[in-house]
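For reference, TrEMBL has these:
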{"type": "ACT_SITE", "residues": "202", "note": "active site"}
{"type": "BINDING", "residues": "206, 207, 208, 209, 210, 211, 212, 213, 244, 245", "note": "ATP binding site"}
{"type": "DOMAIN", "residues": "114-271", "note": "domain 'Fido'"}
{"type": "SITE", "residues": "68", "note": "site 'Important for autoinhibition of adenylyltransferase activity'"}
């Protein structure tokens, strides 16, 4: 006898009966302050934003795949990102798929509706270079588990069963559309809750994490929060993976019963967005402050550092400065006695004296 279909409640009406945590309110307020500066950045430093966007696309593709254990060499990453060669193996194929979906979202976010068919199409695009069937809902039940150093595994969460998945995704997308029309839920909270529910449904056999991060960008762009174009949210997530998984674990407790506490996850995602906006302001501010030349900006960056830094850190902070110029200026600062090297090769760091 076939099990009866039970679709969880995705209406978010419970938000009308609770007070938002003060930390959530604070994060939303800060993010909206930064959002108000986006047009100013576009007027002041359009070329800088173009450079940051090029860097962010590569960083986002690399980081989002690395979170799932998909890695390639730096040289192959740049080859795949520039479409200079076809993918040579499974990892490169998955990176190429992410590249194309990310570029699609960057170019057409406002024109992409959020519904079950579109999610299937995006997943198919994600897997178009991989010899597996993308664009299909999971056909077996899955679980989210974690591994320990001693080799043991623990089930952390059991998502929606496979047979409930199509109806659950449809209900989730319908709820997003209704809440947007009603305008009764803050768009940042609505985005966070949609992503939490998407991950809790876990609708695909593979690729759920990467799809969730692509959908995060898509929803944010549609609501006018464009920081992910210029600063890689995925890279920030990768640097805080433990917090990512822990907040997701906390907010998935009692999820099936509609009794979860969503705010560990909501606050995590909002803090990630805020961190990206702060970094964007630092990058644009460092570049546009006065008429400071390249040497002055790199000196300012070095003098502001408390911890050791690498040449890559300087490059990320001053993306419009060439590699040769960075090398020359670091040598000059070393000769002045402002910094000293530690280590050799790619991993070499600089320490402020």
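Along the chain as shown, the residues are counted starting at 1.
For all residues, glycine too, the Cβ spot is worked out from N, Cα and C.
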Problem set entry | Which listed residue (208, 212) has most other Cβ within 10 Å, given these are binding-site residues | 208
Problem set entry | Rounded to the nearest Å - Cα separation of residue 244 (ATP binding site) and residue 202 (active site) | 16
Exercise. Reported as an integer number of Å, what is the Cα distance between residue 210 (ATP binding site) and residue 202 (active site)?
Worked result: 11
For this session: Measuring Cα to Cα, tell me the gap between residue 208 (ATP binding site) and residue 68 (site 'Important for autoinhibition of adenylyltransferase activity') in whole angstrom.
Result: 10
Exercise. Roughly how many Å separate the Cα of residue 212 (ATP binding site) from that of the residue listed as 'active site', to the nearest whole number?
Worked result: 9
Problem set entry | List of residues, in chain order, with Cβ under 8 A from that of residue 206 (ATP binding site) and at least 6 apart | 132
Problem set entry | Cα distance (Å, whole number) from residue 68 (site 'Important for autoinhibition of adenylyltransferase activity') to the residue listed as 'active site' | 15
